[in-house]
Amino acid sequence: MPTRTTVLQDRFRNRGTAFTLDQRAELGITGRLPAAVETLDEQAARAYAQLRDQPSDLHKYIYLNELHDQNQVLYYRLLVDHLTELLPVVYDPTVGEAIQQWSTDFRDSRAVYLSIDRPEDVEASFASLGLGTGDVDLIVVSDAQEILGIGDWGVNGTDISIGKLAVYTAAAGIDPDRVIAVNLDVGTDNEQLLNSPYYLGNRHARVTGERYDDFVALYLETASRLFPDALLHFEDFGPSNARRILVGNAAKYRVFNDDMQGTGAIVMAAVFAALRVTRGRWAEQRLVVFGAGTAGTGMADQIHAAMLRDGATAGEAKSNIWLVDIHGLVTDDMAGLPDYQQVYARPKSEVGSWADGEIDLLTTIEQVRPTILIGTSTAHNAFTEDVVRTLAKGTERPILLPLSNPTSRIEVMPSDAVPWSGGRALIAVGIPVPPVEYDGVTYTIGQANNALLYPGLGLGTIVSGARHVTDTMLLAAAEAVAGQVDVSEPGAGLLPPVDDLRASSATVAVAVAKAAVADGVATKSHDNLIQAVQQAMWQPVYTGELPTGETQP
Ligand SMILES: NC(=O)c1ccc[n+]([C@@H]2O[C@H](COP(=O)([O-])OP(=O)(O)OC[C@H]3O[C@@H](n4cnc5c(N)ncnc54)[C@H](O)[C@@H]3O)[C@@H](O)[C@H]2O)c1
Ligand SMILES: O=C(O)C[C@H](O)C(=O)O
Ligand SMILES: [Mg+2]
């Protein structure tokens, strides 16, 4: 049967106008390209100019997506060369916008879709990729129940898996031919989607309970059997599912929950750096977490563990942590508290006199005088001027981490928080923001987004062949990130700049791989880890040889 599909439709192998005339002849595409033979640099310059002409970030997102579908090397070349500019386009915050329009804008897809209504297809869906057992390093999966801070987006949430993978490759050189993006389509409770004529996912409410658990178990079992080397990254699951899946499977599979562990570790990195400024000790910190869901309680757990390492008893550490959620300060008399909040619930007898009824954030801050305030609530502007001023009144250098994404959800913008705290708050946020000028000082605002951590963590896990992602590996990653910042100047950022992300990821990967060895979970040994990490990093270049192999549309 004649075929019109050529190497030009295969994003893995396509080089477009960079194919030489000889290569064109050999590949049977003579006459299918204009005469010019270009270098990758020349192609990248044109693509970048086209990108700059796009009228909005969402248009840029769509342009880059199409480029990715045509020529993967060129796409990553652009991303690596302009990482600081393009990270907010392929990832947060633009990915949030793209997800909301995904079914309407749908053109093509690079993911694997697993439907809870067809569990018998899970194996065949992976098999359709034609990959062997040793061919996959990483799978990012989402059921899209809690996309960023924008809620349930069903199958539209596929692009969070794709965006996270793009960052893995651009930031840490994870080989893009060896990764898979997966959407677990378990239905959606988003009525807007269910009523949209364009919606592409299963048109029913989210399946919960045993059927949901069985489906996740089937995914884990199948993915790890077919691709035993793969790290199984979980993204943007709902809070109780996220935690249950991680806790229940961490000993059995190579799983990683980015919202809990990745975020927890990047926050640890920011606090490590901040404590170098305040000269404070972990055990002495008083932590208030506003928005005690997946990310917030993941951070509380990691800071709790750091307090223990610093000599606090479990009781002392717990007594220095306060969770504030939608009904105010979490107390032990509240009915129906999820298990992950129960651990930190304060005795009602201790706080009952603070207010009649619900104890709000401001009251909690007045009473507790926290040294660290974290926001993972999705409640935009919840850190009001009053809140920030009260925080700064209670502590000389409060650590303030309003981490909700995307921009429309952040609890306070640094441009407000810096002046409200008189320049004293040590701030990091989840989105990229410009520096703030205040009182003659330029305040650089570090980006406490898990994207600054998980790529290097993943690379270190892959290079060491770690069987599990252990707490020691997470801590090593956090310390390696914090070790890259110099906080001695006034206004210095708490985290390394995104410009340095590739180098930073390599450093993190080495630290993580060492920790995997120390923890006894590494399955690969290297004489020179630095060299092994460098060699493992995929580069966006056309290799000398001609791209051979089956065309994969
Ligand atoms: N910076 C990062 O790296 C990073 C990583 C993960 C999550 N996040 C952000 O954190 C936010 C939360 O994510 P998640 O996965 O934990 O979601 P989640 O749904 O698991 O948790 C949100 C929590 O906030 C509570 N909440 C909602 N409205 C509130 C209000 N008005 N006052 C107090 N509490 C309120 C909810 O009850 C819930 O417990 C999102 O915006 C997400 O983008 C940031
Ligand atoms: O995706 C991000 O920007 C970070 C984090 O995983 C989130 O859910 O907000
Ligand atoms: Mg997330």
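Using N, Cα and C of the backbone, Cβ positions are placed for all residues, glycine too.
Small disclaimer: the values here were computed from a predicted structure and weren't measured.
Sequence annotations record features per position, and here TrEMBL assigns domain 'Malic enzyme N-terminal' to 68-254.
Taken from TrEMBL, the feature active site, proton donor applies to TYR91 (among others). Counting Cβ atoms from all protein chains shown, TYR91 (active site, proton donor) has 25 others lying within 10 Å of its own Cβ.
Per TrEMBL, the feature active site, proton donor maps to LYS164 (among others). The 10 Å shell around the Cβ of LYS164 (active site, proton donor) contains 28 further Cβ atoms across the protein chains shown.
Sequence-distant contacts of GLU235 (divalent metal cation binding site), defined as residues of its own chain at least six apart whose C-beta falls under 8 angstroms from its C-beta, comprise VAL140, VAL141, SER142, ILE160, SER161, LYS164, ASN257, ASP258, ASP259. Under the three-state DSSP scheme, GLU235 (divalent metal cation binding site) falls in the coil class. Residues or ranges marked as divalent metal cation binding site by TrEMBL: GLU235, ASP236, ASP259.
Annotation source TrEMBL lists domain 'Malic enzyme NAD-binding' at 260-517. Restricting the average to the domain 'Malic enzyme NAD-binding' (260-517) gives a pLDDT of 96.
Contacts of ASN405 ((S)-malate binding site) defined by a Cβ separation under 8 A and a same-chain sequence distance of 6+ are given as ASP92, PRO93, GLY96, LEU148, GLY149, GLY430, ILE431, ASN449, in order along the sequence. Positions annotated as (S)-malate binding site by TrEMBL: ASN405, ASN449.
Between the binding-site residues ASP236, ASP259, ASP236 has the most other Cβ atoms inside 10 Å of its own Cβ, all protein chains included. ASP236 (divalent metal cation binding site) sits 14 Å from TYR91 (active site, proton donor), counting Cα to Cα. Using the Cβ center of GLU235, ASP236, ASP259 for divalent metal cation, the list of other same-chain residues with Cβ within 8 Å runs, in sequence order, SER142, GLU146, ILE147, ILE160, PHE234, PHE237, ALA242, ASN257, ASP258, THR294.
Counting Cβ atoms from all protein chains shown, ASN449 ((S)-malate binding site) has 24 others lying within 10 Å of its own Cβ. In this structure, ASN449 ((S)-malate binding site) belongs to neither helix nor strand by DSSP; it is coil.
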